[in-house]
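Taken straight from Swiss-Prot:
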type    : residues                       : note
BINDING : 68, 69, 70, 81, 85, 86, 87, 95 : substrate binding site
């Protein structure tokens with residue numbers, strides 16, 4: 001298992017470190033490090049601190065911040081940037097952009113689980129300029145080219 005360095009920026013978060021809920025979990029819950037409840041009106045976006053910083057350190061890894069499915073489905077709370085990418089060399093605070101795309105106001109409570117952190121492998125590519133590509137079955141077929149329903 002890979003070890004990731006975590007820096008606790010707020011002492012309240014020392015007992016709230018991201019952890020896998022089950023042996024098969026891919027995501028680690030991130031919590032809102034707030035002093036008081038935060039009201040998100042419909043259409044409003046707020047940047048919410050997690051009270052943590054991470055340093056992945058391994059260029060073969062990155063992290064993505066993803067929405068929690070229950071918050072999105074039940075309350076319309078998703079990420080303002082849709083997906084957050086944390087590069088392996090980033091060492092700053094983890095922040096979550098929460099967007100209320102729902103029709104009702106939503107209150108984010110202190111220490112509420114607001115997003116998930118998933119560690120993913122990264123392959124860095126190098127690019128080579130070519131005049132043409134080798135033939136493939138699909139060719140330049142784009143949207144809708146592989147069939148319908």
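Cβ from N, Cα, C; glycine included.
The number of other Cβ atoms within 10 Å of the Cβ belonging to residue 81 (substrate binding site), over all protein chains shown, comes to 13. In the structure shown, across all protein chains, 95 is the one of the binding-site residues 70, 95 with the greatest number of other Cβ atoms within 10 Å. Of the listed binding-site residues 85, 86, the Cβ environment within 10 Å is emptiest of other Cβ atoms at 85. A C-beta separation below 8 Å, combined with a sequence spacing of at least six in one chain, links residue 69 (substrate binding site) to none of the other residues.
Long-range C-beta contacts of residue 87 (substrate binding site), restricted to its own chain and to partners at least six residues apart, with a cutoff below 8 Å, comprise 56, 62.
All protein chains shown were included, and the count of other CB atoms within 10 Å of the CB of residue 68 (substrate binding site) stands at 20. Secondary structure at residue 87 (substrate binding site), taken from DSSP and collapsed to helix, strand or coil, is coil.
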